[in-house]
Amino acid sequence: MDKKILVLGIGNILWADEGFGVRALEIFHSLYRVPENVSLLDGGTQGLYLVQFVQEADYLLVFDAIDYGLKPGTLKIVEGGEVPKFTGAKKMSLHQTGFQEVLSAADLLGDYPEKLALIGCQPEDLEDWGGPLTQPVRDQLVHAAEIAASILEQWGASCTRREKGEMVEPLLANDIDHASYERPIAAA
Amino acid sequence: MGLETPNGFKLDNSGKRVVVDPVTRIEGHLRVEVNVDSNNVIRNAVSTGTMWRGIEVILRGRDPRDAWAFTERICGVCTGTHALTSVRAVEDALAIKIPENANSIRNIMQLTLQVHDHIVHFYHLHALDWVDVVSALSADPKATSALAQSISSWPLSSPGYFKELQGRLKRFVESGQLGPFKNGYWGSPAYKLPPEANLMAVAHYLEALDFQKDIVKIHTVFGGKNPHPNWLVGGVPCPINVDGIGGVGAINMERLNLVSEIIDRSIEFTNKVYIPDLLAIASFYKDWLYGGGLSSKSVLSYGDIPERANDYSAANLLLPQGAIINGNLNEVFPVNLRDPEEIQEFVAHSWYKYPDETKGLHPWDGVTEPNFVLGPNAKGTRTNIEALDESAKYSFIKAPRWKGNAMEVGPLARWIIGYAQNKPEFKEPVEKVLKDLGAPTSALFSTLGRTAARGLECQWAANKLKHFHDKLIANIKAGDSSTANVDKWDPQTWPSEVKGVGFTEAPRGALAHWIKIKDGKIDNYQAVVPTTWNGSPRDPKGNIGAFEASLLDTPMADPSQPLEIIRTLHSFDPCLACSTHVMSEDGQEMAKIQVR
């Protein structure tokens, strides 16, 4: 049977570059069609409540804004046992602390993913409440999605690039999708 | 310097210097600074936080029908409560009536959140303040089994079960990755449970972690997805088609049966695991009755869970509404969220700007204009604050007050109000717990009382879930399958200028959103959240908030292991991470910890 793969975006979309994880997932969804054994989850800042999704996954790929002290917008790919260490390296925000614990909790419950990868992005600004993604981070969204597709390819799940103009049900609705969210900010 | 606040607390910060880290506005960051005297008793407490601010800025000019989707993102755990509060505010403004089924389903969503949040809070965010994980490794599995069987008929209680679990825990701890258990002060003298009680509690920690994932399936059934379920102004977004089959999104009998089964299991888990654990743990801490703070003086609840749709008056709300001040339980005042003189937010000690900061503003007229300035006695720089000056502005949390009073909100507030109103379903369980523990009524006003009230409320909510599920099914069987009223969906049908207020009781306390709508768009949006009430800084008169009050006069066993502070702060279920600093007499930073 095909491995169950979860692609998870975490972070707070209301908080500038904190939104990287969810926005990267949104772009990934808009660019790629995925096989049936792959599911996408906007995890927001749900922390421990995500444990069941992690438990159910054989392979787990996470998008997140992580502070490595690098140049803003730098992407860093971490795999396997290094992931929990990295998510705990610098605790900038609640959801990060939470996610390291989510992994530990899944482990304690005996359902740790066989494969684990993190596509992290160095944020520039985490303090601009209600602000947009900063340019260096926004510039990496497509690249992050392409990296996700190549990791999934290595994991045996080939994603197909969508046709231009293909109608896709958006990942986020009710005006919180990336373009709508930032429209009034741009106008202000 | 020693002083007494208008709300009756003695503060002494003499000769102490408080050193703090930079105050950054990371998500839900809260810091508490305390001064301890030579006996390690807390004599001054300063709570400073960086609650979400600026939701009003994000929402201005947007479609009111989408506001819930934004407010759902404010907080990682209160998602549905914010969404419900938001749709209620919009419906109030536009005088939209929702169908009975929508009311039942919303109550089920809200009560599910209460049950889920309370269980997760007790076992995963709070229990380890009372339970020593490492001590559990030395428990005798047979004696643990005997203990478990003496307090409950819960079936997972054999010696073999506890032995296997202890082995698993041991391997986990020995692998060096303590994971969820890494922040404990294991071995601290402040831990009082015998190893067997610790092992039993750790077993239930894992069982609760496993069970919580089933509880939220109710949100998936009615909200279409979880996390971040869908909501709808005018009702609920799920159609009902009882004869339908398959997974096309409509509510059918198969789904209702799934919900029913989860509700039964929630009731059983609460009755047979949560409540017995609570009583067992509390029985070892009966002498630790600190942390009451404001709870014995001033408490507030907006009330929630309307029995019938569209009636938000106190008489129709199953969770009590009211305010108690000055500790007078003989008088419960009505609460009016529309009265400009009742609920007001002050910013004299908050990093915001008002035209006149001696006065408070009602949220409909609320202003959220940041003003990050440090007081004259603050040390360090704006980006690297070493010491805050609590005589000036010191927090991103505003100071909400009810008729000028600082109020505690949350399960304990709700249960004190229900108790004071002589409502049997609140009063009787409280009296039974006090009797079982052999504790006086005054024990209610404590950290432990707060924790116990949450457990009782979980049990209450699980039973009310059944009530509304039965009601929903009865109504559907009677032929009513309506779940939404879209008569006023089109903004063309709206008046050009309206305002409204929506309120709920979130797991952690009173929550309300105030909205002004102009020409179909949001003109102003203000939310006052539970942790704004509890975590509030001083007001212009010097009244301290619930967190600050709760920490005073608590003796610490070892100030370098500030377990007592964490225990009390956690008992509020604050919706933010907090870091706590404990200061010694000469202002040396003694400990810095993360509290979750």
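Heads up, the Cβ atoms here are built off N, Cα and C, so glycines get one too.
Just so you know, TrEMBL annotations are computer predictions that nobody has curated.
If you look up TrEMBL, you'll see B:Glu56, B:His581 marked as Mg(2+) binding site. Within 10 Å of the Cβ of B:Glu56 (Mg(2+) binding site) there are 19 other Cβ atoms, across all protein chains. In the three-state DSSP scheme, B:Glu56 (Mg(2+) binding site) is classed as helix.
DSSP gives B:Cys75 (Ni(2+) binding site) a coil state; it is part of no helix or strand. Feature annotation from TrEMBL assigns Ni(2+) binding site to B:Cys75, B:Cys78, B:Cys575.
Taken from TrEMBL, the feature Fe cation binding site applies to B:Cys78, B:Cys578.
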Nearest-integer angstrom distance between the alpha carbons (Cα) of B:Cys78 (Ni(2+) binding site) and B:Glu56 (Mg(2+) binding site): 18
Neighbour count (Cβ, 10 Å) for B:Cys75 (Ni(2+) binding site): 26
